[in-house]
């Protein structure tokens with residue numbers, strides 16, 4: 001792991017790091033905020049997965065999470081959204097597929113299988129690196145995300161309920177198998193067998209029996225993607241049927257941007273902190 | 001005035017606007033955050049002047065001011081740092097002169113006189129526009145800034161002590177006539193007569209008798225520009241001699257970036273709020 005930059009912020013250290021990923025076969029860049037802490041302390045970890053077109057930079061610059069993470073003593077990890085590099089196959093001019101649109105899955109179709117392994121990268125490889133290099137208590141993890149990253153947080157959280165104490169999302173895609181972004185990406189990354197899509201769909205996972213203990217979702221009513229792509233109502237319905245303790249909140253007048261995310265970020269961090277102990 | 005974008009954030013409205021400036025002869029873009037407020041209310045205004053290379057965007061995205069402005073009911077205005085456009089003379093490849101480096105002065109030398117009128121733009125033209133289009137109480141204004149914008153805030157505040165109740169800065173250039181950035185910019189914008197430089201130099205203004213009632217400055221000890229360009233100590237000395245109530249604080253380990261600014265932004269906003277009533 002190589003350090004690209006560190007800056008003191010809110011009493012802690014905001015860093016950007018890069019490493020060679022075995023999973024994606026590429027250099028991967030991510031950011032980590034480590035709050036002020038006692039020497040030798042082990043701190044809980046909050047994962048933040050970003051949305052389409054994003055890198056680690058968007059939330060690192062615009063997310064307004066450091067004050068709350070410093071206050072609650074939480075490490076905040078922000079990975080990239082896909083493999084990068086000139087050797088990585090891409091769909092040029094498509095913002096919703098290829099680079100910047102990894103959908104946190106392991107691709108099964110060519111030419112995507114070699115590099116597009118964001119599920120294994122986020123679930124296995126990066127946690128091991130975080131555990132090795134940062135003062136992280138890996139027994140205390142929670143996960144959150146935005147839009148495609150909200151889907152990532154929900155699905156990774158649902159598939160690993162023993163690892164993540166709480167799951168939250170801003171404007172998540174909740175049912176990609178029923179929405180254009182998801183249908184496009186899954187058919188190309190995963191192929192035509194829709195049965196294989198279910199493990200990357202939050203609503204399908206819940207309908208299949210997956211559960212999380214604590215879920216918080218904020219969705220803006222002025223979000224242009226709400227009706228066609230995000231379909232928050234399907235998640236609310238699935239949680240209700242499944243008896244999942246989910247706070248799914250419609251936020252009046254807010255859109256899909258970081259102006260929305262940053263408004264409720266401190267509240268999400270505090271909510272996770274209460275469950276991370 | 002034309003609205004480029006508005007986004008709901010922290011209960012208020014973050015907007016970006018453009019207008020034709022008579023002073024600079026160009027289209028000028030700026031951002032305004034209006035916090036949640038009662039219909040008909042008039043709110044105090046906090047000006048934020050940005051540093052070299054910046055536009056309104058840097059602080060708007062990375063400044064983390066909205067939560068505090070919402071809490072204290074303050075309008076936050078972030079102008080650009082220079083005129084823009086293909087017709088505006090520039091010094092290509094020089095980040096510290098020309099576009100992005102207006103130094104909040106009215107140029108007296110050619111070819112800069114026509115467009116480089118950021119002093120008059122910030123002191124006169126933009127305040128009139130703000131008063132016309134926003135719920136602003138122009139009898140309650142304060143001003144702050146970063147680096148070159150910290151210089152702008154200090155000098156504009158010192159020259160207009162009757163207008164601004166308080167002045168604060170992050171890592172300001174305090175004595176440009178004694179520093180390379182200032183010497184370079186002033187000699188080309190203002191010519192060789194150094195007497196004309198003094199009104200754009202905070203230390204010289206104080207030595208010449210200018211005063212402000214309340215001053216707050218934060219300077220990071222890990223700021224690469226501290227010793228050669230910023231020279232905070234000269235401001236502390238001038239304030240002490242002049243009997244100005246100035247809190248000039250060295251912040252251990254912080255650098256020149258927005259990771260530093262955002263750390264202390266809420267504290268600055270609160271400090272201004274207490275003086276804005």
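Every residue gets a Cβ built from N, Cα and C, even glycine.
Bear in mind that TrEMBL entries carry predicted annotations, made automatically and left uncurated.
What you are looking at is a predicted structure, and each value in this text was computed from that prediction instead of being measured.
Now, the feature entries from TrEMBL:
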- A:147: active site, charge relay system (ACT_SITE)
- A:223: active site, charge relay system (ACT_SITE)
- A:256: active site, charge relay system (ACT_SITE)
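Here the features listed in TrEMBL are placed on the structure.
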| residue | record | DSSP class |
| --- | --- | --- |
| A:147 | active site, charge relay system | coil |
| A:223 | active site, charge relay system | coil |
| A:256 | active site, charge relay system | coil |
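Summary for the active-site residues A:147, A:223, A:256: the Cβ-based neighbour count within 10 Å is maximal at A:147.
It is 5 Å from the Cα atom of residue A:256 (active site, charge relay system) to that of residue A:223 (active site, charge relay system).
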